[in-house]
Every structure is written in C-alpha cells, then in structure tokens.
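Per Swiss-Prot, the feature active site, pros-phosphohistidine intermediate maps to His15; the stated evidence is sequence analysis. Positions annotated as domain 'HPr' by Swiss-Prot: 1-88. Swiss-Prot lists Ser12, Ser46 with the feature phosphoserine.
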Amino acid sequence: MAEKTFKVVSDSGIHARPATILVQTASKFNSEIQLEYNGKTVNLKSIMGVMSLGIPKGATIKITAEGADAAEAMAALTDTLAKEGLAE
C-alpha cells in the first residue's frame, strides 16, 4: 500500500479539468486508488466522486493506492499533481 498527503496549490483547486487528468492517470493502474478530503473518501477513478469533494486551494488531500502496482500509481499521480501545478 502507498499513501501520500498533498497540499492543493492551484488557485482554482481541483475543478473539472484537473479532476479529469487525475482520473485518467489513476485509471491506467489496476490498484484501488482512493482520494480523501475533509473526512470523505472517494474512488480516484471516478470523475463524479472527485468532483463531489469540491476541493479548494489550500486543502490537504490524501491519496492511497493498494494493489500490485500501487507504488507506480502513486509515483505517476505525484508527478501529475506536480506537473499540472495542482499540489505539492
């Protein structure tokens, strides 16, 4: 299992476009990948789930991945969050 906490730095938070990018990245992996914010946890492969969280700038989020490719999934998601200027 891989787990990592991030701080959202994007001025718009995680809205439709970045949520889509995260879901696309997560969907490349077989692991179960969850996104947690404000006490709620959703499947990171679900665009509706991610959008339902309404994650603003400054929020602390946690991503967990469990499965055979969990480490690779976490590395890809960490890279995507950094490259897109979403979180650090």
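Each residue, glycine too, has its Cβ placed from N, Cα and C.
Counting in whole angstrom, Ser46 (phosphoserine) lies 20 from Ser12 (phosphoserine) by their C-alpha atoms. Note on the domain 'HPr' (1-88): its mean pLDDT in the predicted model is 97.
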